[in-house]
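These notes are about the structure you will find just below.
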Amino acid sequence: MENTSVNKEPSIIVGGFVLGGAMIGAGMFSLPTIMSGAWFINSLFILFIVCFFMFHSGIYILECISKYGAGTNYFDISKELLPKWACYIANASLIFVLYILIYAYISAAGSIIYEASLLYGINFNLRAIFFIFTIALGATIWWGGACASRLTSIFLFIKIVLFILAFSGLFFKAKGDLLFSATFAGKSQLYLYPFIFIIIPYAITSFGYHGNVCSLYKLYNQNERKVVKSCIIGCLLALVIYLLWMIGTMGNLPREQFITIIQKGGNLDAFIDSLYTVLNSKYIEGFLLWFSISAVFCSFLGVAIGLFDYILASLKFKDNKTGRLKSGVLCFTPPLLLCLFFPNGFLIAIAYAGTAACVWAIICPAVMALKARQKFPNSGFKVWGGKKLIYAVIAFGVVGIICQSWRNLIYCLFIVK
């Protein structure tokens, strides 16, 4: 077990990598597919906007917990700073997002590990993969937060190396006429603008690190500046990786091919199979496969650490073997069971996670920051930007919720024939 008496603060790079691991993962595989309507330039513009607002909503959570000290979690601050009904909605949204993301990553892990087993001539049972994957990585989180954080950093480093090895060829082969195409299936750019709104729920999920803010605040011994720097590193790292990812995929796969991926359910294996068609090297195919596996591992660990700590603190379990085991059972059993019965829900889960994240990760932190400034007008850390930025963040969260409804309508009108 982790020695809790050791209070040495890790580097901000470790914190940035933990947040990057939570953001950069299996969810990024949904981006090129869901961006195939709006395409490269429009999608890049949306990513910058979403990154800006998600960064600030995350440090609003930091501002609120800094008023109450280490060991405080999202439930505690929402109970103190929100009306009772809003507190229940916020925490229900948080729990829903974290659970459904863990479900999505178990689903993605199963499909990609199954694909890898077939590549090497082994035929594993898909549901057995779900079970082994969850138990193995869940055990590292049970062992201790520092252990899981370091493992996440290792997987993220491996993922970046494999990303470079797998996609360096794709970057050089990227075609400008594909990236900057202004038409699709003979339709004008004006026809494509509604697809911009589809991107926002997925992009919100792709910059979701908020469940880890409380854990980082505890990890850095209430050092707000280190947490903010870690958030900056994590968000910028995610933004750069997503940009390179978009160039490597959209510059090589025709837009029409993404429709085929969507029709196959948008799962990770369908997207990987499409990329195989433009790769001419078995080595690069192997790098791509292992990159996908490391991406799923990173995302799972990053999100699961947040939910595990939330359950541990909210239910007042002791931070020992027994207490952490109880937290682990409650954290991993529901998404594992859901995956056993509904194994192919990756793309749908990512979208609905983004919608619920608008409530707990964007709107509620901004509202709580307003309340905290009224309650503690002269104390401690305060996010820059004043009330105008807070109101802008709230408005962005409302737009994100509306976009999920638009996504369903737009797909019915433009994708489903």
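Even glycines carry a Cβ here, placed using N, Cα and C.
Lifted from Swiss-Prot, the feature list:
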- 12-32: transmembrane segment (TRANSMEM)
- 34-54: transmembrane segment (TRANSMEM)
- 94-114: transmembrane segment (TRANSMEM)
- 128-148: transmembrane segment (TRANSMEM)
- 152-172: transmembrane segment (TRANSMEM)
- 190-210: transmembrane segment (TRANSMEM)
- 231-251: transmembrane segment (TRANSMEM)
- 288-308: transmembrane segment (TRANSMEM)
- 325-345: transmembrane segment (TRANSMEM)
- 346-366: transmembrane segment (TRANSMEM)
- 383-403: transmembrane segment (TRANSMEM)
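The stretch in 94-114, 128-148, 288-308 that contributes the largest number of Cβ pairs under 8 Å to the transmembrane segment (12-32) is 288-308. Put simply, of 34-54, 94-114, 128-148, 152-172, 231-251, the stretch with the most CB pairs closer than 8 A to the transmembrane segment (325-345) is 94-114. Remark: the transmembrane segment (346-366) makes no contact with the transmembrane segment (288-308), by the rule of 3 or more CB pairs under 8 A. The transmembrane segment (94-114) is in contact with the transmembrane segment (288-308), judged by 3+ CB-CB distances under 8 Å for residue pairs 6 or more apart in sequence. Residues 12-13, 15-20, 22-24, 28, 31-32, 35-36, 39-40, 43-44, 47-48, 51, 54-55, 58-59, 62, 160, 163, 167, 170-171, 173-176, 178-179, 206-207, 209, 213, 275 of the same chain lie 6+ residues outside the transmembrane segment (231-251) yet bring a C-beta within less than 8 angstroms of a C-beta in it. Within its own chain, the transmembrane segment (288-308) has Cβ neighbours under 8 Å at 18-29, 95, 98-99, 101-102, 105-106, 108-109, 112-113, 115-116, 119, 133, 137-138, 140-142, 145, 148-149, 151-152, 155-156, 158-159, 162-163, 165-167, 208-212, 214-215, 268, 272, 275-276, 279, 324, 327-328, 331-332, counting only residues six or more beyond its boundaries.
Ranking 128-148, 190-210, 383-403 by CB pairs under 8 A with the transmembrane segment (34-54) puts 190-210 at the top.
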